């Protein structure tokens, strides 16, 4: 036979592991995999993590997804008669880290944990779903941002009305509202930035979690695409079932006390949301605060465009916290205070009484330096009471959480003593510490060791003297450990091997370790168990017999410790409402204390809030830009707006002109931010301020193409302008920058003129209109409630100096060519631009046309 007679054979390759449960004969799966598939069938749109020993494993198609998203190795396991199935897994002690990544990517994750000891199981270890994690239902500290709420929202929409409910299950906050304006629904969602929005539907793919940008024909068109939506069954959102859910949860006979009895859509949204929360939190009931009802128009409305343009929570350029208004104002000492400040900024007040109450507190803290400093010192020692309580009430808190909670509760009596002579209701609220919370803190400290381990079922949690039976078991375990120590000493003496050691690991249990060089001295009764590079490991019958007793005693001890801890945790959960009530008081005091600190060090004034339309700011400053510059570098400017019977001489509309890069946009934002700060109760960056309440702040500052909807820069600008003209009132503040610049000069000027004229004559909102159309200065001579202001410059023979000062009068130049020169345009381009500008100015017909306007 020659080599050419030999037929080549295919190389052996193992069969591809199964990755699709639909293609598998389930009767041929082993029992564990059959159970896995049964659980998976109940949650087809979630990723299932299934506890197997020390790992959470996932199989079939979920294994492929998890391996891809987490960049893990995709492997396989024997699944019974079907052969191998796709598998990947993560260590059980690190499940939070991996699950966080999956949830951040928009996945729902189901945790199926072992609920009995594997050593005691008869047959298959019993497993149950203990948690369903979705973007809006997170509780774990490592999964949440401490400085902001993690909202779950639910919406119910009919032809002419909508209901909205939202909750942060980590803090217990739970609110609902109802309205008829769909634009307000969009703005509320943009304000809340919920991590997940529940939408009732008859869709066949119920349970689907739509990640941001994903669409579904079952999703109402009015909902913005930037959120994660969960399609839910309509049944929990029905009027009858939602009402029943709320009545049962809050143990009331009527919804009247919750303020939503007359709001059917608000009830449906709240009931559906509550049912979803209870369904996802399998291990324990989340403690939500009593449902509160609110009305959107009870607060200053700040739409998404204004939040963006004023950079309230993040910058426009790169979306960062640093450089935002929140960054400039946040001098809080606690996570609760930081979240509260964010909420205040996104929902300013309209009520002068409420604003004044906050101002009074700041005034008291500004005046009383010692109180402010001592208060801030104590607040820094308080942990996140809201979220610690949330984890305790839901059964997810560990021992370190309870110790942190007790440490914080122990500080509350000190806070109460500190504010004993305070006058402000916000500070007096800190005096009301229920004795039961002091007792609870003492009990936690008496039960738990000072620095408990992270894991609850490995012992070392409970102090001696707490439980007699526990002390007995500890003594037994300690005696066993002493027996092991004595064995090591005795065996060293008996064998003559001085480096003999008795060790332990979870795989082999107890063993005797001897270096390989001393192997010839090993006694005959030693049984070799393992050979390593430099040592041999042995066991003896006596050691293995004792090991069984030791491990049983250890496990009994750990179980009892865990039971004692769970009882203590449940006691904490029973006081959740009392703790949260105090935590809200701490958060408010923290915000006001931080604002007082800011007022002192930045030289802020207390604004006078009035019911009229006046906006009178003397030497105002931009709160963010000022902090970004060296002290004293910011140029302050005043603002006078808002005519009424008392201030009829003040204009309703200011035409603001001036050079490029002179500070017009900064001035616009400055006025808006000062008004916003005043309406959250803060002091403001100015020498003095007298401010009428605004019902809404509108801004139109800058524009970019909206590629998602195919809108040009100019069309975006026109849409935003139309929104302002259709919704602004005489009590609104409107800040407009460069209306009409996105089209031809004549078109742009005409639109800008008409918009300014309409606002001044029809709406009469307080408005600053920044423009390079100097022709708009003519409006001041035609309309009595319009005034011209300019940002001044100093002209030198070869350059201009920006003075950044806003003064009465209209500018007649934009100095755009000079700005181009400063930016580095070639000299030849600058010279040519001057020639062209001279010709255009000589032959312009715009001025002549304006003279003929009616």
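A Cβ is built for glycine as well, from the same backbone N, Cα and C atoms used for every other residue.
Here Swiss-Prot flags 658, 659, 660, 661, 662, 663, 664, 665 as ATP binding site, drawing on sequence analysis. The region 'Disordered' annotation in Swiss-Prot covers 1-21.
Where Swiss-Prot records a feature, it is marked here on the structure.
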residue: 658; record: ATP binding site; Cβ within 10 Å: 29
residue: 659; record: ATP binding site; Cβ within 10 Å: 21
residue: 660; record: ATP binding site; Cβ within 10 Å: 16
residue: 661; record: ATP binding site; Cβ within 10 Å: 17
residue: 662; record: ATP binding site; Cβ within 10 Å: 24
residue: 663; record: ATP binding site; Cβ within 10 Å: 21
residue: 664; record: ATP binding site; Cβ within 10 Å: 26
residue: 665; record: ATP binding site; Cβ within 10 Å: 17
Cβ-centroid neighbourhood (8 Å) of the ATP site, 658, 659, 660, 661, 662, 663, 664, 665 excluded: 791, 802
DSSP says residue 660 (ATP binding site), in three-state terms, is coil
Looking only at DSSP and grouping its letters into three states, which state does residue 665 (ATP binding site) belong to? helix
